[in-house]
Amino acid sequence: MAIKSCLVLLLPLALLLLAGSSPAAAQLEVGYYSKTCPNVEAIVREEMEKIISAAPSLAGPLLRLHFHDCFVRGCDASVLLNSTEGHLAERDAKPNKSLRGFGSVDRVKAKLEAACPNTVSCADVLTIMARDAVVLAKGPFWPVALGRKDGRVSSATEAADHLPPAFGDIPLLTKIFAANGLDLKDLVVLSGAHTLGTAHCPSYAGRLYNFSGAYSADPTLDSEYADRLRTRCKSVDDTAMLSEMDPGSYKTFDTSYYRHVAKRRGLFQSDAALLTDATTREYVQRIATGKFDDVFFKDFGDSMVKMGSVGVLTGAEGEIRKKCYIIN
């Protein structure tokens with residue numbers, strides 16, 4: 001009931017934000033560069049094939065870069081900007097310290113600059129790369145609408161305040177997603193991105209040690225899995241060790257993440273939270289059967305299109321950066 005009332009309260013905000021961003025989002029279109037840079041997607045795909053072939057584990061981080069960009073100021077490539085003297089950019093915010101793949105974005109952008117100078121935005125590059133990372137990890141393909149411009153502002157403080165935290169519960173995550181025009185279904189579907197990649201101990205070690213009150217470990221975490229994680233993550237301060245978010249297939253985009261969550265083996269508290277709400281729990285349990293992979297693949301593409309339209313800059317807004325890490 002509390003969650004329903006939370007959603008009701010947030011609905012006007014979400015609708016307001018959607019109304020505010022819909023004209024810009026409507027200007028995005030598949031084939032946006034058909035005259036100015038017709039081979040844009042082929043150039044990105046060719047470079048991505050080389051990147052993922054050499055380092056398959058980069059698929060998750062490149063997808064994560066797009067997520068972390070869109071949840072702060074919308075999908076405007078602000079996460080790619082370097083900090084300047086006296087000003088910390090998003091990439092140096094605490095939640096973003098573990099982001100990887102910036103060099104790959106620079107590499108793809110350089111190829112596009114050589115082919116079509118001053119034409120393709122870094123925000124569009126990041127969006128296409130995220131889609132291709134999923135496809136090359138054996139996940140679904142979806143058409144990417146383009147036409148985003150790059151933002152000129154990047155703030156570490158904003159990143160710390162607006163990114164969905166690994167410890168988030170359903171009310172908090174719902175609030176953050178709704179502020180971006182994303183609903184409860186988008187939340188459970190986009191959580192499926194955790195099928196790719198790894199995480200450092202500090203993002204989940206709080207579930208293993210000194211959890212709360214009578215519990216030394218999070219009681220919602222499968223005890224056998226917790227024991228296994230402790231052998232890898234020796235303390236809450238262990239910053240070196242990595243754990244797979246989807247053990248056994250962290251380089252492959254599939255539905256096994258949901259099977260882990262259904263067995264109380266989700267790595268983060270935010271994963272475990274999906275079992276505390278009727279709507280998200282039903283989705284987890286359905287996809288976990290392994291009989292609805294095609295449903296999840298379609299849902300994921302739909303939610304990525306939705307997320308990729310959040311707060312975009314178009315037309316005369318923003319700029320097309322020559323280099324993704326610095327404003328023109």
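The backbone N, Cα and C atoms fix where each Cβ goes, and this holds for glycine too.
Note that the coordinates shown come from a computational prediction; the quantities given were computed from them, not determined experimentally.
Per TrEMBL, active site, proton acceptor is recorded for HIS68. All chains included, 21 other C-beta atoms sit within 10 angstroms of the C-beta of HIS68 (active site, proton acceptor).
For HIS194 (heme b binding site), other Cβ atoms within 10 Å of its Cβ number 24. Annotation comment: TrEMBL describes HIS194 as heme b binding site.
Taking all protein chains in view, 28 other C-beta atoms sit within 10 angstroms of the C-beta of ASP246 (Ca(2+) 2 binding site). According to TrEMBL, the feature Ca(2+) 2 binding site maps to THR195, ASP246, ASP254.
The Cβ neighbour count for CYS37 (disulfide bond), using a 10 Å radius and every protein chain shown, is 18. Annotation source TrEMBL lists disulfide bond at CYS37-CYS116 (among others).
Among the features that TrEMBL reports, disulfide bond is placed at CYS70-CYS75 (among others).
What TrEMBL records for CYS122-CYS324 (among others) is disulfide bond. Around the Cβ of CYS122 (disulfide bond), the number of neighbouring Cβ atoms within 10 Å comes to 30.
Within 10 Å of the C-beta atom of CYS201 (disulfide bond) sit 21 other C-beta atoms, taking all shown protein chains into account. Residues or ranges marked as disulfide bond in TrEMBL: CYS201-CYS233 (among others).
As annotated by TrEMBL, signal peptide applies to 1-26.
Neighbour list (ARG64 (site 'Transition state stabilizer'), Cβ cut-off 8 Å, at least 6 residues apart, same chain): LEU99, GLY101, ALA193, GLY197. If you look up TrEMBL, you'll see ARG64 marked as site 'Transition state stabilizer'.
Cβ atoms within 8 Å of the centroid of the Cβ atoms of THR195, ASP246, ASP254 (the Ca(2+) 2 site) belong to the same-chain residues GLY192, HIS194, LEU196, SER249, TYR250, THR252, PHE253, THR255, SER256, TYR257, site residues excluded.
Ranked by Cα separation from CYS37 (disulfide bond), the recorded positions HIS68, CYS122, THR195, ASP254, CYS324 are led by CYS122. Look at the disulfide-bonded residues CYS75, CYS116, CYS233, CYS324 and count other Cβ atoms within 10 Å of each Cβ; CYS116 has the fewest.
When the recorded positions HIS68, CYS70, CYS75, CYS122, CYS201, CYS324 are screened for a Cα within 10 A of the Cα of HIS194 (heme b binding site), none qualifies. Comparing Cα positions, CYS233 (disulfide bond) lies closest to ASP246 out of the recorded positions CYS116, CYS122, ASP246, ASP254, CYS324. Around the Cβ of CYS70 (disulfide bond), a 10 Å sphere holds 27 further Cβ atoms from the protein chains shown. Cα of CYS70 (disulfide bond) to Cα of THR195 (Ca(2+) 2 binding site): a distance of 19 Å.
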